[in-house]
Amino acid sequence: LGRMEPVIVVHGGAGRIFKEREEGCRAGVVRAALRGYGVLKQGGSAVDAVEEAVQSMEDDPHFNAGCGSVLNEKGEVEMDAIIMDGKNLDSGAVSAVKCIANPIKLARLVMEKTKHMLLTDHGAQLFAQAMGIPEIPGEKLITERSRERWKKNLEPDSNPEEFQKDLGTVGAVAIDSEGNVACATSTGGLSNKLMGRVGDTACIGSGGYADNHSGATSTTGHGESIMKVVLARLILYHMEQGMSPALAADTALDYMKSRVGGLGGVIVVNKAGEWAARFSTKQMSWATVKDDKLHYGISAGEMHIKSIDEALASEREGF
């Protein structure tokens, strides 16, 4: 079998990215893509690469995942995450987890250490303890911005919908040198959501899907809409019908918009290593590395290209 040229694509969430956060979001997705690509270049698997990229964004307070997650109605962080291996369709997910830094790590352990695919809330917490994952105080995950937004949304005349546009679910897809694909997605969910609300992210086929026979995708946007059309699986279905990643993504996003009025964004890689980053929202931060070239952007039609050496150098200088 010929060696594949590895590819990684990441997103930092679709929605409206406020001006003062653009730089941080751009830097965050670039850093995540470079870290994931580093894993692939050293011969690491697609699963290793997407986990590494997503963990990088969970640790970055600019994104609504891990540290920086939005707060539910009670002012707490509850997080969802999924990871999937396209080789054998193994997947692991967690939902409504609290007090851990990296839900994506826990999702991977669910995939590899249990016979199950999804653990939730208290059960996920017990499993994390059994796996030796350190518990951290919930406050450690809460940023000033998340708390401010939560307070604003509690005001009687507030419109949480207005804020939802600045979402920030994070995700990654990759193909490794063996031709295996994988996806990973992680989120803090919707601001001021009901306790126990789980969106698309933890749901296989909605928040992400990976199958070596077609490709991998990770989604972001309005969770309930994404679940209604099973967006990630829908994109792969279109690719199985012969569409390119970009056309498959646009077709599925158009359908979600016309059928249920939902907006979102997706990243895709197919089994040939072709990629796409598409969105129906105002913006989506994304980055990809292929053939030692970094591409990244936030707004429609925006694409910056750097050589990987240049990108790594500016990364070391702090962007």
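Using the three backbone atoms N, Cα and C, a Cβ is placed for every residue, glycine included.
Under the heading active site, nucleophile, TrEMBL lists THR169. According to TrEMBL, the substrate binding site annotation covers ARG197, VAL198, GLY199, ASP200, THR220, GLY221, HIS222, GLY223.
Less than 8 angstroms from the CB of GLY199 (substrate binding site) sit ASP80, THR187, GLY189, LEU190, LYS193, GLY207, GLY223, GLU224, ILE226, MET227, each of them six or more residues away in the same chain. The binding-site residues considered are ARG197, HIS222; of these, ARG197 has the fewest other C-beta atoms within 10 angstroms of its C-beta. On the backbone, the CA of VAL198 (substrate binding site) and the CA of THR169 (active site, nucleophile) stand 13 Å apart. Between the two most distant C-alpha atoms of the annotated substrate binders (ARG197, VAL198, GLY199, ASP200, THR220, GLY221, HIS222, GLY223) there are 16 Å.
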